[in-house]
């Protein structure tokens with residue numbers, strides 16, 4: 001079992017840090033947040049003016065780039081979190097700055113290729129966004145962990161609040177000021193140069209000024225795997241379950257607003273008679289106002305969480321942000337300065353939730369696995385970002401530019417209801433921030449609600465917008481709805497396929513009871529995907545469908561995969577396992593490997609040349625299938641990777 005979360009490590013008090021080192025930490029956090037914010041804020045303008053992406057594809061392509069960057073970042077940054085417990089935080093921070101420097105250098109190359117060849121430079125831009133996201137997120141995560149190492153329960157809200165303050169200052173206020181250069185000749189080039197210079201400066205400052213304070217935790221064969229320890233902490237503490245559910249929606253706040261508010265301004269710029277560079281600068285100003293709200297609210301929330309329950313703080317901050325998002329979704333014109341009011345609400349809510357999550361995670365984490373716990377929180381937030389940005393991109397193109405904000409608002413309301421349910425059932429903190437009872441909570445309701453949310457939101461939004469009022473979704477939205485449902489089916493297939501390797505790597509056997517639930521959601525979204533194609537796209541016209549399949553043979557691959565998935569779904573119950581027999585059931589369900597391969601090929605052939613997302617999904621399938629094949633041949637992947 002993990003050691004006590006507050007076991008003191010010698011020489012790790014806040015007083016052991018000189019004021020100069022604290023200033024360096026805050027400065028580096030500002031630099032890391034600035035690099036991340038600039039790469040996101042400039043993206044819509046580059047895709048529109050440099051790479052020539054068509055207006056009707058802007059939402060999906062912007063979302064795809066962010067999704068690819070987040071998927072790669074989840075893997076890399078999560079691994080760095082585990083590694084930092086063994087080799088220290090400072091080395092990983094320096095590595096993060098180096099990765100960002102490489103990404104910034106590639107971005108300048110992609111700019112020149114884009115100017116010369118248009119969309120041909122998009123591949124390099126994908127690489128740029130991946131490297132900058134991995135580098136900047138690594139820096140911010142490890143700096144938070146370093147402050148967690150040196151803080152105590154008494155001063156943690158203040159220190160974490162200061163860190164969040166500087167991160168928001170760099171990611172919103174400072175980024176908003178820098179983005180004003182976009183409206184001037186040569187301004188875009190200067191903006192793209194700044195992450196390169198900032199990364200080099202951050203690397204030098206890290207090497208010369210930072211030092212680790214927590215002793216490295218060398219790996220031992222007798223120790224429980226860190227991920228298993230993380231799971232133990234989360235499952236034994238309902239506050240952490242709430243915190244991770246909130247992180248799913250909170251980390252995406254700035255990304256969603258920076259990306260889709262900028263896209264919204266650009267998409268209507270011609271209608272209101274302004275240039276697209278001016279629209280980008282205007283969006284940056286509004287995001288800067290959001291950042292100002294966060295900065296002003298951090299001290300207030302810091303005081304609140306010192307005196308009140310963290311569960312109450314999460315619920316209150318999430319509900320405020322949710323109302324702000326829903327209000328923002330009701331505006332028709334992003335250039336109406338009244339949109340600042342809901343943005344201020346989102347900013348205040350984001351500040352409370354983010355600070356509370358940081359403090360609660362460090363409070364509940366045993367010191368030896370603090371890096372792994374913070375990394376797990378990043379993993380959940382990254383998965384949320386992937387799912388929300390992916391959905392937001394489709395909604396932006398199919399249902400309008402305000403749709404992503406409604407998505408965020410409804411998701412936050414869902415977690416708010418979960419917080420209210422905990423409080424209503426007597427799960428709360430004492431005055432010194434310890435749980436009043438040792439009651440544990442099953443994850444199944446939360447997993448079910450989260451997995452069902454994309455479909456519920458799609459149906460609800462379609463009804464609100466009137467797409468179903470006349471019995472038809474209309475020609476334009478059908479393609480997006482069909483693709484959206486197919487993406488979710490494939491996403492849940494991959495998650496289901498990945499759960500057994502994760503279970504074997506971590507030793508967390510309880511994951512098995514969620515695997516079939518995830519698999520059934522994959523089948524559900526696959527059914528919706530097929531129905532959308534058959535009923536909405538072709539209105540049950542078999543002749544036209546056959547002609548379409550002849551022209552686009554990849555559809556046949558999808559239908560074969562769906563046919564193979566049907567018996568797996570109908571034999572998933574425990575009663576069917578007993579009826580069929582365990583060995584025959586396992587042999588039948590090994591068809592999931594073929595299904596994933598077929599769907600990956602179907603996805604690649606269906607995608608356009610501007611979309612790199614299918615290749616990332618396919619790479620994930622290849623890695624997982626390689627793992628299963630190696631295990632089937634008698635190899636020990638875990639021992640080969642030195643993680644089992």
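Heads up, residue numbers simply count up from 1 along the chain you see.
Just so you know, glycine gets a Cβ as well, placed from its N, Cα and C.
Segment annotation: Swiss-Prot labels transmembrane segment over residues 22-42 (candidates 1-21, 22-42). For the transmembrane segment (63-83), the residues of the chain that approach it from at least six positions outside its boundaries are 40, 43, 47, 92, 95-96, 125-126, 129-130, 132-134, 137-138, 141-142, 145, 226-227, 255, 259, 371-372, 374-376, 378-379, 382-383, 385-386, 389-390, 392-394, 396, 611-613, 616, 620, judged by C-beta separation under 8 angstroms. Taken together, the residues of the region 'Ferric reductase-like domain' (488-599) have an average pLDDT of 85.
Within the same chain, residues 64-65, 67-68, 71-72, 122-123, 126, 490-491, 494, 497-498, 500-501, 593, 596-597, 600-601, 603-604, 606, 637 sit at least 6 positions outside the transmembrane segment (612-629) and bring their C-beta atoms closer than 8 Å to a C-beta of that stretch.
Tallying C-beta pairs under 8 angstroms between the transmembrane segment (311-331) and each of 92-112, 254-274, 337-357, 403-423 places 337-357 first. The transmembrane segment (403-423) makes contact with the transmembrane segment (254-274): 3 or more of their CB pairs lie within 8 A, with pairs spaced 6 or more apart in sequence.
When Cβ-Cβ distances under 8 Å to the transmembrane segment (159-179) are tallied for each of 92-112, 254-274, 337-357, 440-460, the top count falls to 337-357.
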